[in-house]
Amino acid sequence: MNIVAIDEIEAISETIITPQQVFEETIPVAVIQKSAPAEEIITCDDDWGVSKFVYSNSIDGILAENKVRVLPAGYNTAELILDISAESEEQDPFYIVDLTTVLTKLDDWKTLMPRVKPFYAMKCNNDGIICKMLCDAGCGFDCASKAEIEAALQFGVLPDHIIYANPCKQESMLRYARSVGVKKMTADNVEELHKIANCFPEAKVVLRIAVDDSKSVCRFNSKFGAAQHEWDVLLRTAKALDLDVAGFSFHVGSGCGDLKPFADAVAAARDAFDQAEAYGFSPSILDCGGGFPGTNDGAFSFHEVASTISNAIDHFFPPSCGVQIIAEPGRYMVAASHTYSVSVIAKRQLTAAQLADKEVRDSNTPEVALYINDGCYGSFNCIVFDHAIITPKVLGTKSALPFDTPSKLFGPTCDSIDVVMPCTLLPQLDIGDWIWFPNMGAYTRCAASRFNGQGAFNIHYVWAGVPSK
């Protein structure tokens, strides 16, 4: 994958650049007003991908209406962090959000899984610029609440390009979905079917089936998904309630350590389709859920996942069957797009009395405590809720020093369990030094709280062109 370089742009400029200065003159330009009336909102259609985004005329709006740093392809992240940190007197944490990375991910998706239309799981990261980009690229949206549906509609997503992918919904939210025409929604139990029949009888119900998630870090079967022995009663209930079973969905879990569950899930969905057809339904939607890796440090690459799923889909749901294939990527789209930088705000040498019993017994015993200005109540909540493994990096001359100091990273709150890293090897760092973490775009800032008045951060957007084969 190559990136179209922006040769005319000098590195690290705060100047607002328009597409006339960045792209060829043949690309049409039209500024999108933030408060445009509904009829002027650019919406999605079945054509999706990076080329659709480029010709949607949204580039001008993104660059002109937001403070975006336009950089050449291949810019140095560490140098950019140094420049930004030098500008900030208060040393607040900040994200660098590379918008080009999101487009590159979308381009790779369409190349490797052209039959599978992405419905972005905005729960993962609801950044307005990213969501607007994906909408203008023709992506659908996976929403789990009234608030997310409202946001998606504001971005310009058509109701038919939204799936209400929460199997257990509040009745008032169901009625709201009906009022705005969001018909596609998931369900996995009899009570939910009765609720849908009462609140939204014309809904297109996508039954979520339970599949093998035993190889995944984040597993969902304990909360969602109908086991195979439950399918019959669900289909009989839907028939009796005169509901439209429009399709089936599954989720193998996040951080899956094996490729086989992806293929097995597609095969199970084929069985579910056949069973539904025997009841007289005509299911036409297969939702492959999420769980797609966003970085290359997992058990396997996205390329391998895509190949496995595509082969299974082509076997069990050939193009001639007419089934629409969708999926709900979240972390895949955004994980690598965010880099998070925090500063050391305090430091102390640790004594045995300040160590937990486990730390005293453990061979990995920290010698120094570094207090940084965000923690597990903020963007590092991903450590607790998403089982994230984070990688600290340091800047400037400190990066050339030996990483030989066992260090404990505390968050800034007054809670002693606000521990970002119990023990990690770092150089000798001082107050005011910066630590940065790559791949922080998924399930981080979207779930951050302001406990103790902490957790605030700044955002710096970067644009380095559009991906090109």
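Glycine is no exception: its Cβ is also placed from the backbone N, Cα and C atoms.
In TrEMBL, annotation is done automatically, which means it is predicted and not curated.
Taken from TrEMBL as is:
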ACT_SITE  CYS414  active site, proton donor
DOMAIN    101-335  domain 'Orn/DAP/Arg decarboxylase 2 N-terminal'
MOD_RES   LYS123  N6-(pyridoxal phosphate)lysine
Hey, how far is CYS414 (active site, proton donor) from the residue listed as 'N6-(pyridoxal phosphate)lysine', Cα to Cα, in Å?
28
Does anything in the same chain, at least 6 positions from LYS123 (N6-(pyridoxal phosphate)lysine), have a Cβ under 8 Å from its Cβ, and if so what?
ASP142, ALA144, GLU148, GLY330, CYS446
Count of other CB atoms lying within 10 Å of the CB belonging to the residue listed as 'active site, proton donor':
9
Kindly state the mean pLDDT of the domain 'Orn/DAP/Arg decarboxylase 2 N-terminal' (101-335) in the predicted structure.
92
